[in-house]
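Okay, handing you the structure first.
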Amino acid sequence: MDTNNNIEKEILALAKQKVSLIEYENYLSQIKYNPNASKSDIAFFYAPNKVLCTTITAKYGALLKEILSQNKVGMHLAHSVDVRIEVAPKIQINAQANINYKAIKTSVKDSYTFENFVVGSCNNTVYEIAKKVAQSDTPPYNPVLFYGGTGLGKTHILNAIGNHALEKHKKVVLVTSEDFLTDFLKHLDNKTMDSFKAKYRHCDFFLLDDAQFLQGKPKLEEEFFHTFNELHANSKQIVLISDRSPKNIAGLEDRLKSRFEWGITAKVMPPNLETKLSIVKQKCQLNQITLPEEVMEYIAQHISDNIRQMEGAIIKISVNANLMNAPIDLNLAKTVLEDLQKDHAEGSSLENILLAVAQSLNLKSSEIKVSSRQKNVALARKLVVYFARLYTPNPTLSLAQFLDLKDHSSISKMYSSVKKMLEEEKNPFILSLREEIKNRLNELNDKKTAFNSSE
């Protein structure tokens, strides 16, 4: 690969194959390649802070050395390549001066725009709401909350709003809940809360990613509550991203849940096959990778709905073809992507299946465990049975007890009902729901795997 940006992409793509998704997102995706300091036998990276610098060096330093030494990435051609990770230089902001929003706009990713967001039936409503919000001088809805599974484009749409607002010279703050917490604790410890409040309460657009992680942190929830109130009172636009609807964020204060629902809430659905193929083609273009049509169709059909995983599959095929000096064809794609097609939902617990179904249908787990005539609850109970039959060894008796069913024969009827709907393929909602539940199960199981591996 020619550019420094592509060298970084190639290194991270190879690293992503070696760790769980949650490890990659929390750690390795945070590092940046430093081409100016790097040489043929040593690679320098930046990490956002000292904690990440220490953690990544300890846990993944050897992995990065192995990748660079074995794959001869970019300019690193030595037999053994050393790796150094340093804390990235930070922009200093004077606590007494006005906040320089141009200096902190780097939190908005320039590459995520409305122009390169692939629109389909799964996300059209979200796209239209986001454009209206970004283009309006006063908030048309406030707050706006978009929710849905991982990798469906929520962060892209949040950054697109930020980029459009910056073009209009608006003051924009885009932050994750985790970074909001880190910043809050830092200013609290340094007794500089006036600077913290000036930064977050005096912007035109406050964009918060992973809002669900506010839960269970009383001091942070208290500060966010007052930040939200002041922004809302001053007609400043608030946009929130979450992996679930407000009522399903367990442990979040009721007063925050109610405020999240003041404006408009919209769900990002998993993409259908046509939209997935459009996404694959766009990602190929953005990464300057040429794939045969049949390979792009294969990726769309066999890789999960997670957009990041689709892009990872594209890069993985390209990297492996380069390393093996082989042409890209369908056989190569099948071989390279074999591990990505494994169904991580296998071996799910009943509790995870219940949680995945509940989140997908905006219900509480406790609601599903009790028999009800409400259509959405009845459907949820059938889906729990269906996925339990697919992914767990639990016998009929255990399933019946889990769902408080006295008639064990109901289990077979419930399973057959869902199976028939899916086989007939007449109900796009059910088909989409199946994929969403599978994605959520994959996420839950990946988190469990990452937790166990860290013990």
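Placed from the backbone N, Cα and C atoms, the Cβ positions cover glycine too.
Just so it is clear, the model here is predicted, and its values are computed rather than measured.
Pasting the relevant annotations from Swiss-Prot:
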REGION    1-75  region 'Domain I, interacts with DnaA modulators'
REGION    75-106  region 'Domain II'
REGION    107-321  region 'Domain III, AAA+ region'
BINDING   GLY151, GLY153, LYS154, THR155  ATP binding site
REGION    322-455  region 'Domain IV, binds dsDNA'
Helix, strand or coil for LYS154 (ATP binding site)? Use DSSP.
helix
I need the neighbours of the ATP site defined by GLY151, GLY153, LYS154, THR155. Which other residues of that chain put their C-beta within 8 angstroms of the C-beta centroid, in sequence order?
GLY148, THR150, LEU152, HIS156, ILE157, ILE241, VAL268, ILE307
Residue counts in helix (H, G, I), strand (E, B) and coil for the region 'Domain IV, binds dsDNA' (322-455), per DSSP?
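Counts, helix then strand then coil: 95 helix, 0 strand, 39 coil.
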For THR155 (ATP binding site), what is the tally of other C-beta atoms lying within 10 angstroms of its C-beta?
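Summing over all protein chains shown, THR155 (ATP binding site) has 21 other Cβ atoms within 10 Å.
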Least buried of the binding-site residues GLY151, GLY153, going by other Cβ atoms within 10 Å?
GLY151
For the region 'Domain I, interacts with DnaA modulators' (1-75), jot down how many residues DSSP puts in helix, in strand and in coil.
44 helix, 9 strand, 22 coil
Summarise the model confidence on the region 'Domain II' (75-106) as a single mean pLDDT, whole number.
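Its mean pLDDT is 57.
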How many other Cβ atoms are found within 10 Å of the Cβ atom of LYS154 (ATP binding site), counting all protein chains shown?
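Its Cβ has 22 other Cβ atoms within 10 Å.
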